[in-house]
Every structure is written in C-alpha cells, then in structure tokens.
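K.L.:
Submitted below is the structure of interest, expressed as structure tokens.
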Amino acid sequence: MGIQDGATHCHLATPAPEADTDASSSSSSSLVTHTLALLRSDDLSLRVQAAKEIRRLTKTSQRYRRYFSAAVGPLVDMLSYQSAEANEAALAALLNLAVKDETNKIKIIEAGALKPIIGFLQSENLALQEHAAAALITLSASSVNKQVISASGAIPLLVEILGHGSSQAKYDAVMALYNLSTYTDNLGQILETEPIPLLVDLLKSCKRSSKTAEKCTALIESLVGFEEGRMALKSEDGGILAVVEVLEGGSPQSREHAVGALLTMCESDRSRYREPILMEGVIPGLLELTVQGTPKSQSKAQMLLRLLRDTPYPRSELQPDTIENIVSNIISQIDGEDQVGKAKQMLAEMVQVSMEQSLRHLQKRALVCTPADIPINSCASEVPSK
C-alpha cells in the first residue's frame, strides 16, 4: 500500500521515563550505527535486511527518520541494482524516510532517486510500480521538488497509470498528480496528457466519498480553468454527470471541488455550458449545498444557481433575488417531470432545513444570553433543542 505524506498506521510508543533517556538514546545510536554498517555491506542480502529494518524503524518515528538521513545515499544506490527485492526494499525505506521530513525529501531527489523511480513507473512488476507511485506522492509534497519531478517526465507516466495501473497504483498516481498540480506551471503539462477521460473513468469507478474522488475532482477543478479542460469534460461521455454525482454524494471537500468546477465552466462561457450542466440534474444537489455545504460550497452553489437561471441578473423588486425565486425560475425551464419533481421536493426540504437551522441558532443564542442568576440546566430544559 502507498503511504501518503503525513500518514501513519499506528501510535508511537509511550516515551521512556526521564531516568532511562540516556540509555534509550545510546541503544538507538547503536542500532542506527549497526544498521548503517549492514547497509554498506558487500553482501546484498545484508543490505536488503538493513533496508527493511530502516523501513520498520522509520514507519512512525520522526526521530529515526532524522537518525537515518545518512542512509539516503546507499538506499538510492540500491535502486539501480538488478534485483527487484533490493529495489522494493530500498524504495519502501526511502518512502518512510521522506514522510513528514522536508530535508529527506529534498535529499532523496538530490541523491539521484528520480531517474530509477521514473523507470519503475514503467515496470511490469506491479509492486515496484506501486512503490514508485507512492514515493512520488511523498516526494511531490515538497514545493522544492514539484518542478524537478515534472521536468523528469513523470507526469505522462502517472497519467498512463491512471488508465492501466492496479487499483492501488491508480490511487497513488492521482494523489501524486494532485500534488504536482498545486505548482501552477505543471497544470499545462498535465493538460497536454489529456487526463480528463481517465479522471472521469476513475470517478465513475470509485466511491464518491473516497479520497480518490476528492483528488480526481480537485484535479478536474484545476484543469477546467483552461478552455481545453472545459471542452474535454463537456465532450467526455458522462463527464459532467460524474462531477454532478460527486457534488451530490461526495465528501464535503469533494463537493466543494465539484461545485467549483461547474461554476468555473459556467462563469467562463455561460451560453456554452449552462445547458449541459442543467441537463445532468444538478439542481437538487446545489439546493442541498446552499444550506448544508461548507461555507465555500454554499457560496459557490448560490453563484452557480444564479448563472443557471434564464438570466444571471437580478429580476425586479416584485420578484426578490432569493434562492427560492431563482430555483423556481430554473424549474420552469427544465424538461422532464422527474427532475422537476425532485427539484421541487428539494426546494421544500431546503426551506425546511433553513428554518430548522435558524431555530437552532435562536435557541443557542437564548442559552448563551441566559442571565448569570438563572441555572443553565433549568433554562435548557425549557428550550428543547433538536
């Protein structure tokens, strides 16, 4: 399994008592010295054993990641051996050394790890391919490394894995691509690989609430900032629908990215993208977001609803520019009884939820404003909360 930067799989052991600190430090130093000696041995099996021990010790310990910084060079050398076992052991150890350690991330790249890692992305050995993609997640979390990794030719290979890799490799590849995409200059290079169809396929096959869906949608949101990305999503069969489905059932962060992507499209060219977005039944999900989404989702959902009606501009004083009026206007233009019925039901539920939220807010204010001489418990019993 690939390890995301910052992920750990078990709790750190309880620190030793003060009196044993010196003894513990001495023991750690001795273990590190011994393991580093094995890593430099002429016996390959001993080097593999040392790499596995470094992987074990650095899995959850920041202290050992610092201690084994000197192992980076020898481990990178092992990546060029003609031994899959040695390659895997070294890659896994380097991956753990890089987690939450900016210095080691940079040191690993500077030691020449990138070239063999790029080679492993093309390997028929699936375990090596997965380790390589996972290593790139962690290494690309460093802002210093993002440009170097993209210049190495990693991006087209990561996109290729989205289409042909194992489930784990696809997950790791989309995570690495997302990390690389946060360096703005890399977006153009990602776009050139035409990743939208593969990202849509991945969205269709993964759980809407998963981390994979979150990073796919985040990438799509960034890519539709370009006309090529918008056109690719519109022309991909089920492309806009896949984003709408995440907007309806994804994690809060995924839904924020999904509504952001659709809003970007509609803002860029309302006449071109309004109809395709409306056709995919986006209204119920947007209504729900206006009252239950993150603050950003709520704001973006309201902006998108305004753009989706027949005119994006306020009507008249006779018809206030409220969400209810905006949605009623949109409903009147939608074809299909199912969608209209669902939208009307969602509108009624949205109003109900909004009223309930307002009531709860008033109840909380009543509790907060209780005079000091009135017992809180008696006041709370008089104002039941849901």
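Cβ coordinates are placed from backbone N, Cα and C, and glycine is handled just like the others.
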K.L.:
Tell me which of 1-27, 271-297 corresponds to the region 'Disordered' entry in TrEMBL.
P.N.:
1-27
K.L.:
How many of the residues that make up the repeat 'ARM' (70-112) does DSSP mark as helix, as strand and as coil?
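P.N.:
Secondary-structure composition of the repeat 'ARM' (70-112): 33 helix, 0 strand, 10 coil.
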K.L.:
For the repeat 'ARM' (70-112), would you mind checking the mean pLDDT of the predicted model?
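P.N.:
Across the residues of the repeat 'ARM' (70-112) the model's pLDDT averages 97 on the 0 to 100 scale.
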